[in-house]
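As recorded in TrEMBL, the features of this protein are as follows:
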DOMAIN    3-165  domain 'FeoB-type G'
BINDING   GLY10, ASN11, PRO12, ASN13, SER14, GLY15, LYS16, THR17  GTP 1 binding site
BINDING   ASN21, THR24, GLY25  Mg(2+) 2 binding site
BINDING   SER22  Mg(2+) 1 binding site
BINDING   GLY35, VAL36, THR37, VAL38, GLU39  GTP 2 binding site
BINDING   ASP56, LEU57, PRO58, GLY59  GTP 3 binding site
BINDING   ASN116, MET117, MET118, ASP119  GTP 4 binding site
TRANSMEM  289-308  transmembrane segment
TRANSMEM  320-337  transmembrane segment
TRANSMEM  349-373  transmembrane segment
TRANSMEM  393-415  transmembrane segment
TRANSMEM  427-453  transmembrane segment
TRANSMEM  459-479  transmembrane segment
TRANSMEM  517-538  transmembrane segment
TRANSMEM  550-567  transmembrane segment
TRANSMEM  574-594  transmembrane segment
TRANSMEM  614-634  transmembrane segment
TRANSMEM  646-665  transmembrane segment
Amino acid sequence: MKRIKIALAGNPNSGKTTVFNSLTGSRQHVGNWPGVTVERKEGKFSYGGCEVDVVDLPGIYGLTAYSLDERIARDFLIKETPDVVVAVIDASNLERNLYLVAQLLELRVNVILDLNMMDLVEAKGISIDTEKLSRVLGIPVVKTVANKGDGIEDLKKAIVAPPKRPGPFQIDYDPDIEAAIERLSDTLKNKGLPKEYPLRWLIVKLLEGDAEILEKVKKLPEGSGIEEAVLKTTASLERNLGYDLETAMVERRYGFLKGLVRECSEKRLGIEERLELSDRIDSVVTNKFLGIPIFLALMWLTFQFVFALGTPLADLIDSFFGWLGTAAASGLTVLNAPGWLSSLISDGIIAGVGSVLVFLPNIMLLFLAIAILEDSGYMARAAFVMDRFMHALGLHGKSFIPLILGFGCNIPGIMATRTLESRKDRILTILVNPLMSCSARLPIYTLFAGAFFSKNQGSIIFSLYLLGIILAVVVARIFKTIFFRHEVAPLIMELPPYRLPMVKGVIIHMWERGSLFLKKAGTIIFAGVILIWLLASLPVGVEYASEESLIGRLGSALAPVLSPAGFGFWQAGVALFFGVVAKEVVVGTLGTLYGVEEAGLRSALLQYFTPLSAYAFMVMSLIYIPCIAAIATIKRETNWKWTGLAVGYSLILGWIVAVLIYQIGGLF
Ligand code: GDP
Ligand code: MG
């Protein structure tokens, strides 16, 4: 029968004796290590046609020979050369326990790594990639729970398997130290150093100042020369390092192990640890002073992300539909199609659908950003940070996000209200969302502010944004008292632990919301577009969107109504009508009606508007009605009653505020 000799090495309390007992059962005896009163346990087992002698080494942390136990273990390993050393480690403290394993490997013994205490590892939520660990270290790795006997069979199998020389495992020290090791290897190769030690290990130990090895070397015939070479090298290395060489080498070993453990193990944080980590993040993120700046910075980043990335895509879609409209029109002319059909297709359908689809990149990106903020758990914090402020508006902290999103586009803003649990909060937030100046209003603002207030454009535009916010506060308060007097806001703000958002989840969330916009809003927008096209084309034979067309007549009919606001002419009425399709269409419409390109539009406007009526017109454009896409979305998210209210109140409010501005402004 084949006989092999193995030793169990490991830190104290790693379960060596338990493994030893499980391996050998009752076939064991206890003696003392030669010359000392340290207990030496030996035993036997046979497995797979092998008779295995097992020695339980004293518990040690390293092989430095600082302590008696370490010296016993090291001498045993070097002198009695066991065939296999089973490193029994407490795998729940992987990094610290692997230090000994690294030292065993440096000594070039045949190591089998026994990851013991796997039950504790699992309880801690750690998973260890044993295959990778085995690959990197070049040794077999076995998992055990020794006190339950789990994995002992695997361990036995690994022990009797023909031992493979450990792979070329080596810890690389700093380049300076490596160079020194190489130089010393050359110098000491033929100086009669004891053959039982691997040369590299010996040099490493000498450089570390290992007293026992140094003692041994000194006794050699060429000992003093060797000692001198080593001391000189150490001194010169320490001069360069600026600190102790042994520390440098120990640090390097731990550095290697830290990297190894990070590579080969993963910690799933338990719920308690996740909560604790969340608390620590929250102490910064929801901090009294830092909370709002962090929130604003993140919002700013979100907007940058959405608009910097989305706008070029939107422009692309825009020019595509522009091209498609022209191409379709000329194609239809070639085919001798009637003029109305070509107009329906290019002015109506293509332009209309295009005006909706241009929003898609921004909407998708915005939903992507929201999904990331939500899935990570930050959104709950943002709501928490803004809660006090929002309560002043009669809303919940969570309403803040939809409102701020409304500055980009009211549609995602309205859809983001789904995160609100209370119906009251949802509906109020939806109703006031169109008062947030979305990016489509900006072209109107810049056109008029540029023409009439070129000196203070920025402040004028800012005043419009601010006006929208103030009106939202007022309107929210009023509607709350009218419709939701008795409903109380939930006081609890839940703060789930943070987690890393999953790419898949984020994309699904983005797509779910984005495609809803496409599907449902799309149909209503489409119908709206056709309706406006009809109004602009009928009665048969009129010039598209001229004063004689139905829409022109509506504009004319509207003129007296708009006149108290200072813009009582049919073109303004028509522009506002078209603005329902999408707010930025107001600019293009005015251009068409005045028969000028956008560049010449400013001077044309100067003939019709005064600065005061221009401001009133901008205010009107801000408030008077949500665009078709927003109306469709409100309907989707609520019902016709609330949609009617949203349209109705904004029409009346827009008119009242525009008139007030024109009339009161006129007094000065
Ligand atoms: P030694 O100092 O390395 O010889 O460790 P022992 O074998 O004396 O074990 C130390 C303690 O750990 C004892 O209470 C064992 O019962 C316990 N133990 C050993 N192996 C395991 C294990 O896999 N899981 C757990 N939970 N405890 C273990
Ligand atoms: Mg023990």
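From the backbone N, Cα and C atoms, a Cβ is placed for every residue, glycine too.
Note: TrEMBL annotation is automatic and uncurated.
Structural mapping of features recorded in TrEMBL.
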{"residue": "GLY10", "record": "GTP 1 binding site", "Cβ neighbours (10 Å)": "28"}
{"residue": "LYS16", "record": "GTP 1 binding site", "Cβ neighbours (10 Å)": "26"}
{"residue": "ASN21", "record": "Mg(2+) 2 binding site", "Cβ neighbours (10 Å)": "19"}
{"residue": "VAL36", "record": "GTP 2 binding site", "Cβ neighbours (10 Å)": "13"}
{"residue": "THR37", "record": "GTP 2 binding site", "Cβ neighbours (10 Å)": "7"}
{"residue": "VAL38", "record": "GTP 2 binding site", "Cβ neighbours (10 Å)": "13"}
{"residue": "LEU57", "record": "GTP 3 binding site", "Cβ neighbours (10 Å)": "26"}
{"residue": "PRO58", "record": "GTP 3 binding site", "Cβ neighbours (10 Å)": "22"}
{"residue": "MET118", "record": "GTP 4 binding site", "Cβ neighbours (10 Å)": "22"}
{"residue": "ASP119", "record": "GTP 4 binding site", "Cβ neighbours (10 Å)": "16"}
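If you take every residue in the domain 'FeoB-type G' (3-165) and average the pLDDT, you get 90. Counting Cβ pairs under 8 Å that are 6 or more residues apart, the transmembrane segment (550-567) and the transmembrane segment (427-453) reach fewer than 3 and are not in contact. Each of the binding-site residues SER14, SER22, THR24, ASN116 was scored by the number of other CB atoms within 10 A of its CB, and the lowest score belongs to THR24. Under DSSP, THR17 (GTP 1 binding site) is assigned to a helix (H, G or I) in the three-state scheme. For ASN13 (GTP 1 binding site), applying a Cβ distance below 8 Å and a minimum sequence separation of six or more within one chain yields GLY59, ASP90. For the pair formed by MET117 (GTP 4 binding site) and VAL36 (GTP 2 binding site), distance between Cα atoms is given as 31 Å, rounded to the nearest Å. Each of the binding-site residues GLY25, GLY59 was scored by other CB atoms within 10 A of its CB, and the lowest score goes to GLY25.
Proximity of distant same-chain residues to the transmembrane segment (459-479), defined by a Cβ-Cβ separation under 8 Å and at least 6 residues beyond the stretch ends, is recorded for 392-395, 403, 407, 428-429, 431-433, 435-437, 441-442, 445-446, 449, 453, 615, 618-619, 622-623, 649, 653, 657. The most densely surrounded of the binding-site residues GLY15, GLY35 is GLY15 (count of other Cβ atoms within 10 A of its Cβ). Cα separation, ASN116 (GTP 4 binding site) to GLY15 (GTP 1 binding site), rounded: 7 Å. The separation of THR17 (GTP 1 binding site) from THR24 (Mg(2+) 2 binding site), Cα to Cα, is 10 Å.
Listed in sequence order, the binding-site residues near LYS16 (GTP 1 binding site) (C-alpha within 10 Å of its C-alpha) are ASP56, LEU57, PRO58, out of GLY25, VAL36, ASP56, LEU57, PRO58. Note on proximity: among SER14, SER22, MET118, the binding-site residues of the record, the Cα nearest GLY35 (GTP 2 binding site) is that of SER14. DSSP assigns SER22 (Mg(2+) 1 binding site) to a helix. The binding-site residues near ligand 1, defined by a Cβ under 6 Å from one of its atoms, are ASN13, SER14, LYS16, GLY59, ASP119, chosen from ASN13, SER14, LYS16, LEU57, GLY59, ASP119.
When the neighbouring Cβ atoms lying within 10 Å are counted for each of the binding-site residues (ASN11, THR17), the highest count belongs to ASN11.
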